[in-house]
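Per Swiss-Prot, the features are as follows:
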{"type": "BINDING", "residues": "CYS13, CYS16, CYS36, CYS39", "note": "Zn(2+) binding site"}
{"type": "BINDING", "residues": "PRO119, THR120, GLY121, SER122, GLY123, LYS124, THR125, TYR126", "note": "ATP binding site"}
{"type": "DOMAIN", "residues": "1-55", "note": "domain 'ClpX-type ZB'"}
Amino acid sequence: MAQTPEFEEEIYCSFCGKSSNEVKKIVAGPNDVFICNECVALAQNIINEELTVDQAAQVLSLPTPHQIVAELNDYVIGQEDAKKTLAVAVYNHYKRINENVSPTTDVELQKSNIALIGPTGSGKTYLAQSLARILNVPFAIADATTLTEAGYVGEDVENIILKLLQSANFDIEAAQHGIIYIDEIDKIAKKSENVSITRDVSGEGVQQALLKLLEGTNASVPPQGGRKHPQQELIQVDTTNILFIVGGAFAGIDTIIKERLGERVIGFGSDANDNAVALDSENILEHVQPEDMTKFGLIPEFIGRLPIVTVLDELKVDDLTKILTEPKNALIKQYTALLGLDDVELVFQPEALEAMAELAIKRHTGARGLRSIIESVMKDIMFDIPSRDDVEKVIITKASVQNGIAPELHLKKVG
């Protein structure tokens, strides 16, 4: 018969020091370590608090649409309607993500990707880039013309996600909240509305390949890119919360819009009424509808993934002049600062600025063409000034821009 001990050795919690008589339960661990139920509960509370903090950290600090536009105004000139539309769309997108992290409603909030329509150099890429900078999220740019559907020579659509991963330093969680801008999206339009028997590898096929990414899927991304490393382990990226912004000039869609509205020919000798004149104005693209984009060559399913469409205006001379001088990172400010490092004052005459703007319009390059123009004007000055210590001021004139005449140099006074 087993002998019952007269007393059991008292056990103490290794963490709080309480005895087994003071708590409900003490659990034994290896190496004579014990923990009581109270310390277990306390540890669980600490863990829960840390998880709550980690979850809160995933909630993006989100500026209001007014704040977003105010910050965009520091860098982007004009395009007021587009800025407002983008600010609201981006705010709602990230508000939706924050809601998914800490749900307060059982309503399913769906993603709204964005399409930007506007001429070359109107600021489509720069707007998307500026939004990502304001929100401090990873950003990547892709060129739709380089994409092909799987099985053909070219770039797989998954490589777009790879660029975003690279921008996020392969932080998958950060990348999954990033922004991707796909440029030249109009170049992957179908060649005709009728489905061709032959494969359109750079048109409808690419649109089909992009569909899943835009709506949200677990994309298998090759970390080394391309198809050169078939054995590489793939990275899984959920695109559900990635905001896709696509942009294109959509040259010729204005004609499609006019035809839909019954204004086939507006010009000399036409009986156009006041409404027709309005439709022929520069704001014709503001009347764009999904059916126009379908007729242009985008498939309905693809358009359906882009519920927000905004139009950018063609930039005028006044806009381009302001772009040269007003933003925080304006080109004129940059070159003035560069010459200032050599103790030389740089001045652009107003007529010179206007001439550069007119040249950009003449070349149909818009804002993106301004840098090459100013680089050409400044090349010799930037080459010579570091070797001279007698120049006090450089003045860029209209003739410097239009005719390549050397800028005016003001020399330092001797003695």
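Placed from the backbone N, Cα and C atoms, the Cβ positions cover glycine too.
What Swiss-Prot annotates, mapped onto the structure for a quick look.
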{"residue": "CYS13", "record": "Zn(2+) binding site", "Cβ contacts under 8 Å, 6 or more apart": "SER19, VAL23, ILE26, PHE34, ILE35, CYS36, GLU38, CYS39"}
{"residue": "CYS16", "record": "Zn(2+) binding site", "Cβ contacts under 8 Å, 6 or more apart": "CYS36, GLU38, CYS39"}
{"residue": "PRO119", "record": "ATP binding site", "Cβ contacts under 8 Å, 6 or more apart": "ALA249, LEU312, GLU314, HIS364, GLY366"}
{"residue": "THR120", "record": "ATP binding site", "Cβ contacts under 8 Å, 6 or more apart": "ALA249, HIS364, THR365, GLY366, ARG368"}
{"residue": "GLY121", "record": "ATP binding site", "Cβ contacts under 8 Å, 6 or more apart": "LEU315, ALA360, HIS364, THR365, GLY366, ALA367, ARG368, GLY369"}
{"residue": "SER122", "record": "ATP binding site", "Cβ contacts under 8 Å, 6 or more apart": "GLN79, LEU312, ASP313, GLU314, LEU315, GLY366, ALA367"}
{"residue": "GLY123", "record": "ATP binding site", "Cβ contacts under 8 Å, 6 or more apart": "VAL76, GLY78, GLN79, LEU312, LEU315, GLY366, ALA367"}
{"residue": "THR125", "record": "ATP binding site", "Cβ contacts under 8 Å, 6 or more apart": "ILE141, TYR181, ASP183, GLY247"}
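For TYR126 (ATP binding site), the same-chain residues 6+ apart in sequence whose C-beta sits under 8 angstroms from its C-beta are TYR75, VAL76, ALA367.
In the three-state DSSP classification, GLY123 (ATP binding site) falls within coil. Surrounding the centroid of the Cβ atoms of CYS13, CYS16, CYS36, CYS39, where the record places Zn(2+), the chain contributes additional residues within 8 Å, namely SER14, PHE15, GLY17, LYS18, VAL23, ILE26, PHE34, ILE35, ASN37, GLU38, VAL40. Secondary structure at CYS39 (Zn(2+) binding site), taken from DSSP and collapsed to helix, strand or coil, is helix. Per-residue pLDDT, averaged over the domain 'ClpX-type ZB' (1-55), rounds to 76.
Non-local neighbourhood of LYS124 (ATP binding site): LEU116, GLY118, TYR181, ASP183, GLY247, GLY248, LEU312, each in the same chain, at least six residues away, with C-beta under 8 Å from its C-beta. Report note: the ATP site is defined by PRO119, THR120, GLY121, SER122, GLY123, LYS124, THR125, TYR126, and the residues of the same chain whose CB lies within 8 Å of the CB centroid of those residues, excluding them, are GLY118, GLY247, LEU312, GLY366, ALA367, ARG368. Comparing local CB density within 10 A for the binding-site residues CYS36, CYS39, the maximum falls on CYS36.
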